[in-house]
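Over in Swiss-Prot, the protein carries these features:
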REGION    1-230  region 'Pyrophosphorylase'
BINDING   10-13, K24, Q74, 79-80, 102-104, G142, E156, N171, N228, R317, K335, Y350, N361  UDP-N-acetyl-alpha-D-glucosamine binding site
BINDING   D104, N228  Mg(2+) binding site
REGION    231-251  region 'Linker'
REGION    252-451  region 'N-acetyltransferase'
ACT_SITE  H347  active site, proton acceptor
BINDING   A364, N370, Y371, S389, A407, R424  acetyl-CoA binding site
Amino acid sequence: MNNPIAAIVLAAGKGTRMKSDLHKVLHPIAGRPMLLHLMASVDELSPAKKVVVVGDKADQLEAALSGTAELAVQEPQLGTGHAVRQAEAALSGFDGDVLILYGDVPFVPAATMRAMLDRLGASDAPAVVVLAFEPADPLQYGRVITDGDRVVKMVEHKDATDAERAVRLCNSGLMAARARDLFALLARVTDDNAAKEFYLVDIVNIANADGRLCAVVKTDPADVGGINSRAELAAAEAQWQAFRREEAMAAGASLRAPETVWFSWDTQLGRDVTIEPNVVFGPGVKIADGATIRAFSHIEGATIGAGCEVGPFARLRPGTVLGEKAKIGNFVEVKKAVLGAGAKANHLTYLGDATVGAGANIGAGTITCNYDGYFKHQTQIGERAFIGSNSALVAPVKIGADAIVAAGSTVTLDVGDGELRIVRGEQLVKPGWADRFHDAMRKKKAAEQKK
């Protein structure tokens, strides 16, 4: 039977290289805090316990986690071994397997965590499992010296011999151990080093000295990249986006210029979706089969139906719902608006706090005037209604089914089904007036030039 699982996530560092008032592990990747990327992978294992070790800006972490994990405070911060020990009280009475993870290493797949736990549960019963990798440039990393998959020694780069530096297998910092072994070993770690800190890696050396097996599991370097600076954050974003683009195309979406499309962590695409260059998706976007998103569109919090066309240069904001084959064209902004099947707003329009019936046509320059300075109000446009260009619909207002609003109208009262509403000033015709005006102005200008 599988042992229960606990995850200890270290997130107590100050993150000074980020130069930010926001906690390092809360900086977003694809619109989601990096810590929550990691926690989502942890959740795939159905852990019995999750403990996040916090220090600086603990209140921010508490808010972000929203009660989904227990918090343990590390104060003062005396190294990684000391940090893990702060989780001991939260795991009191827990007799299972423990994963030790880092909040600034967000891309560890659940499958890699499972591989570590499987190795921990093997018949040779290792005391500690170390996750290691082979980076392109191992210069900065501690080395993992092995005999087969047995860890013989772990050594920091600065302390390594030339022969040890030639080894390319490096320590990711991630480990797994049984709870009873982990805390017993940590109790024996000392701060007998120049930094006067308690190092987590020392549990491997202690276990080896006891004659216990310490095993290694290898992973791809991309899975264990740490984020300590804005440059590394940007690199992590690029890594995530590249993976997601490949995933989207493999699932049946067409990306005309993949490197220019930016997804959110939760973007959902149907089959045969086409995305043109320079499109940005914020959180909460669902796109059904066969929709087309044209260039330079920005979409967040929107549900887009099958066969819809959006853009170019469109902005869909939270609360937008487009029915099947609806069209939103260039320089159209939509917020908290529901458009029925086949409804169209092809250019230069704002639709906010509105419902638009199936087959309705919204002319260029139409504005739903939804805000009175204090409250938002609803505009309701019926099925097959036609709103002429340059119209202002002052909410709250209802436009009936099959109604027509003439171009240039400012509508403040409801329009019934099938009605024509024209709201314009009187059109005056003054024959010859323009000729007389130009003649007078030319004479005046000539007189001024003679002075």
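Cβ from N, Cα, C; glycine included.
Here the structure is a predicted model, which means the values were calculated and not measured.
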**OP:** Express the predicted model's confidence over the region 'Linker' (231-251) as a mean pLDDT, rounded to an integer.
**Re:** 98
**OP:** Just give me the nearest neighbour of N370 (acetyl-CoA binding site) among the binding-site residues L10, G13, G79, R317, N361, Cα to Cα.
**Re:** R317
Subject >> DSSP helix/strand/coil residue counts for the region 'Linker' (231-251) >> reply: 20 helix, 0 strand, 1 coil
Subject >> Pairwise C-alpha maximum, in angstrom, for the residues (A364, N370, Y371, S389, A407, R424) that bind acetyl-CoA according to the record >> reply: 22
Original post:
Rounded to a whole number, how many Å is the Cα of S389 (acetyl-CoA binding site) away from the Cα of L10 (UDP-N-acetyl-alpha-D-glucosamine binding site)?
Top reply: 58
**OP:** Compare the C-alpha of D104 (Mg(2+) binding site) with the C-alpha of each of the recorded positions G13, R317, H347, A364, and give the closest one.
**Re:** G13
**OP:** Within 10 Å of each Cβ, count the other Cβ atoms, then let me know which of the binding-site residues N228, S389 comes out lowest.
**Re:** N228
Original post:
Just the number: how many Å between the Cα atoms of L10 (UDP-N-acetyl-alpha-D-glucosamine binding site) and N228 (Mg(2+) binding site)?
Top reply: 14
Original post:
C-alpha of H347 (active site, proton acceptor) to C-alpha of A364 (acetyl-CoA binding site): distance in Å?
Top reply: 5
Original post:
To which of the binding-site residues G13, G79, G103 does the lowest count of other Cβ atoms within 10 Å belong?
Top reply: G79
